[in-house]
Amino acid sequence: MEDPLNRQASYITTILGSLKDRHIENGSELYAIFTPKENLKQAPLMPRQEMTDISGEENVRCHVMLKGDYEVKVDLTSDTIRDLRRKLSNESGIPAHVLLYKGEHGGTLQDCGINEETTVPFSLSSFPDENQNSMEFFLNDVVPSVQQTQKGLSAFLSSLYTVKDKHSGEGFKKVNAYIRKLSGCNPLAQSLYQLLGRNESGSRTQKIAIVEGLYTLFRELLPSLNKKRGDKIIEDLDVFENAPVCWAYLISKAEKESSQHEVFAPICLTSQPGVRFCDPVHVPGLPDVFEREYVLQKIKDGERIPNCSAEILTETSMWRATDVEKILLSLPPSIKTFPVWVSYGLVTGQNFQIQLDETFAKMTEELKAYPHLTVTPPLLLKDVGLDGPRLVLLKEDNLGVYIEKAKGSPQNFIAFDCLAGKHINVNVDELAHEMRDTRSDQTFMTTRTPKEAILVLVDSSSSMEETCYDSDDKMTRLVAVKQLFDNFITRSMAYDFHHVIGLVKFDSSVKTLHTFTETLETFKEHIHNLKANGRTALYDALNHGISELEKVGQQFPDCRLRIICLTDGNDVMSKTKPDDVTTKLIRFNIIVDAIIVGKVDNHMLHGISNATGGCCFKPETGTAGLKLFEMETVLSLEMRKPKEKMNPSSITSKSVLTTLFAKNGYDEQPEVSLPSELNSKVTVTENSLKKNIKESKSSRFLEKDKRILEELKSLHCDPHPFCTVLPLESDFTFWKILMQGPPDTPYENGAFELYCQFGAEYPVKPPLVRFVTPVYHCNVNSVGRICHNIFDRNYSAHITMREILDAVYGLLIAPEPEDPLDSILAEEFLTSREKYEQEAKKNTEETAGNSVDDMEQKLVGEELTKKFTPSHLICPLTKKMFIDPVKNQDGTVYERKAIEKHLQMQRTDPKTNKLLRRTDLKSDTTMKKMAMEHRKKEYLETSV
C-alpha cells in the first residue's frame, strides 16, 4: 500500500516545480545533503476539498507563479483573501498553504482594491509566510548525521552565536574563503556567508548544510584514530564539543588568506520595497528585473519603460527571469536580497582532504587570542564593562552564551540557552557555586589576578559554646561567629573584590576546610557544619596561616596578604610562641585583623594585630558585629589607610605585645585612605577646557581623554543644576564634584563633596565616583562607595556623566533599600522611616553644613571673580548665569531651583510681589539656549 506521506511530498514537489520548472538542466551541478529523516519537516496534509459554499457572481483572474491564470468566482463585497486562496486551491488543485499573496490582507476583496479587472498574483512557496526569528539558527532543532553529545550540541550552537556577533560583516570574508578552500563545499560557504558575513537568516536547508558541513570540516581538523597528531584523540561523538577550538583555528589561519574571490552580486528579490516577485521577467535592453504584472500594465496603458530598447512593447517582448525564479523557489519569503557568488570556477577546493601538522594542544593555544571562544568562569562575568557574548557553562553538559548583565539585579546576567531555545536569567554566585561543586579536589584556581588573599581563622574550641554578647542574649559564640562569617562572605560577593579567600578552623588542632578560591558560596556549608570542641591552638593557627598565605604570595607577588581571626579568647596549648609568630607575620608582610566575641579580653591577640598593621575589634552587640562587615575597610585593605607596623627586631618578648593595648585599645573602624588627588588644586571647567582642547589635537591624546573632554564640554555648556564640576588643574581626568542636596529631602540644606576618577579603561568601564562628605544613606557606605546599577549592570560605554550625576542625585531623593550597601540603615529605612530621615538630617547638618557657593568660592574663588557674564544671562536671585531658567507670566526669568526655594517661603514674585505659583513657571528655552551659546564661546577662546 502506498504511503500517504510520500504521496503528499511527491505532490508538493510537483506543485512547486519539477527539475525543469526549477530551471535545472542537463549538466547542472547539484549538491546533495545526507541528513537524518528527523530533519525533514513534513508539509501538512492538504487533501483536495470540495467547496460546499461556492457563491458569488464576479469573476477574478488569479495568476499563479509558474502555473498560469485561473478564473475564480467570488463575492467581492463579502469574500476575503483567505476565501479567495481557498477557492483558488480548489480550482487549481494547488494546496492553499503554498499559495502566497503579498498584497493587502485586511477586510473584503473589495476593501483590498480587487475587482473584476484585477489580476491577483500568487507566488508559490513551501516556507511559512512570516519573518524568521533571528535566533532560529541557534536553536537545537537539527539532528546531525553523526550523533553528538548534549554538551557538544550546545558548544556548536553557542560558538556559532559568538562568531556571528564578533566576526560578522566584511571581516568574515577571509574566514569564509579559507573554509571554502578547505572544504570545496560551496553550499556551506554560501550559507555561512549569509549567516555570518551578512548577518542574515536563511532556510532550514541552509541550516542543515551548516551543521553537516561544519561537522565534516571539524572532524578533519581534529585528531582522530586515522589521523593521529600527538596523544590526544577526539572521538566522532565529541567533535562538536571542540567547536570553539576549531573556530579559533580557522579564524587564526584565515588571517593570511586572500578574500579576492569572495565576491558576491546581490540579487534583489522584490519588485517594490518589501514585496517579493511573483513572476519576474526581463524586457529588451535592460538588465533589471520587473514584475510581469507591471509590464503588462505598461503595455495596456501604452506606456514605455524607460531605456527599454523595444519600440513597441508587447507581451511576447518579455521573457522569464529564470535566475531569479530559481532563487525565489529556494528561499523563504523573509529574504529580500540574495548574494550570488560570482567567482565560481576560479577557486579549487580541497574537498575536505586536509593535512595538518598541529597537535590538538597547539590548536587549543589559539583560543587565548579569542576570549569570546573561551569558556568564561562565572565570577569573571561580574566585571563591569565585560562585553558579551561569551561562552559560559550553564550546566556540566550545557555550554550557553552570556549576553549581558541583568537589569535590576546586580548578581544576575542574561544568557541564551541554545538547548532550551530561550534567554534565561542566571545568578553568578549560584552558578559559580554549582560549577565548582563538580571539582574532585580543592585545587587553588583563579580566573583573575587576586589583589588580596584573606585566610579566615575560625575558633571552634569548646568555649565557643558559651553565650556571646550579654546574659539576655542566648546566642552562643560559635553561632555569632557563623553569622559574622556569613555577613563577610555575602558582602564580599556583593562588592565583587578581586579577592581569594581560604578557611581554617582551629581547636586542639588546626585544619584547612577550604583552600583559596574566588567561589565564596562554597564556604557556607563548611562553616555551618562546625561543632565546638577541644582547646584553642590560636598561635599554631596563625603559624599555619603564614604557610598558606606564603604560597599565594609566591604566585602573586603584588597580592596583599591578610588573616581575619574570629575567636573568643586566649590561646591554650599552642606549640608556637606569640612573639615568634608575630615576627614571622611581619617579615612575610601579613596583616592580622582580629574580631573577639564574648566577654573576654585578649591583649595578646590585640598586640599581634596592631604589630602587623591590622585592627582588633571587640563588638559589644550582635548589630555592632554585623556592622563591622558592612565596612568596606574591614572587607578589603584597598581603601584602608595603612597602619605603621612594628619593627620585628623590637619584639623581644610577649610583654612588648600586651602593653600595646594600653596605648591603642580596641578599634572602632579602620581609617580610610582617600586619593591623593583630593589635595591638588582644582579649576573651573572653562579653564580646563581651554587648556586641554589644544592638546587634544595632538596624536598622543588618548581616545579615553577625548571622551572625557567631550563629557566636560557637555557639562560646561549644559551644567547639572545641582552639581558643580571642578577638574584638577593638572589632571582633567580627576574631578571634584559639589552636589547640593535635593529639596524636600533630609539632605536639602547640605552640600556634599564627591570625586570622580576616570580609569584607564574608561569608557568601557565606568568612572569611580564616591562621596567624600559622609552621608547617612543606605546606598552609600562609610567610605563613600555608591550602590547604583548605573555603575555595574546598567553601565555601557554610551552612558554620559550627566546620566551618572542624575543617578547619584536621584538616590538622595529616593533611596533603594532593596539594594543596600548598609543593610542596617536599609532596615531602619523600611521599618522606621521617620527615625531614618531624622538621623539623615542630623548627619547632614553636622557634616555637610556649608553651601555649594561657599565651597566653590573657597576652592576657585579667584577664578570666579575674573569671569565676565552678560547681565541678561544672570539670574536676579542667584547672581549667577542661568542653568535651568524659567519665566513667569510677566516674562521675568529666574533660575528654577532659586525661585522654587523662594516660593517655599513666600508665594509672591520676588520682584513684583504679585501672587506666583510654581505652576505659573514655564521653562525658558530661549534663555537656556543663549546661556549655552555663551558658555561654548568661553572655552573656544584660546588663552586661559
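Glycine residues also receive a Cβ, built from the backbone N, Cα and C atoms like all the rest.
Annotation source TrEMBL lists domain 'VWFA' at 453-646. Residues or ranges marked as domain 'UBC core' by TrEMBL: 703-849. Summarising the annotation, TrEMBL assigns compositional bias 'Basic and acidic residues' to 836-845. Summarising the annotation, TrEMBL assigns region 'Disordered' to 836-855. Annotated domain 'U-box' per TrEMBL: 868-941, in sequence order.
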Counting each residue once, how many in the domain 'U-box' (868-941) are helix, strand and coil under DSSP?
32 helix, 12 strand, 30 coil
Which numbers of helix, strand and coil residues does DSSP report for the compositional bias 'Basic and acidic residues' (836-845)?
10 helix, 0 strand, 0 coil
Give the mean pLDDT for the domain 'U-box' (868-941) on the 0 to 100 scale.
91
Per DSSP, how many helix, strand and coil residues does the domain 'UBC core' (703-849) have?
55 helix, 27 strand, 65 coil
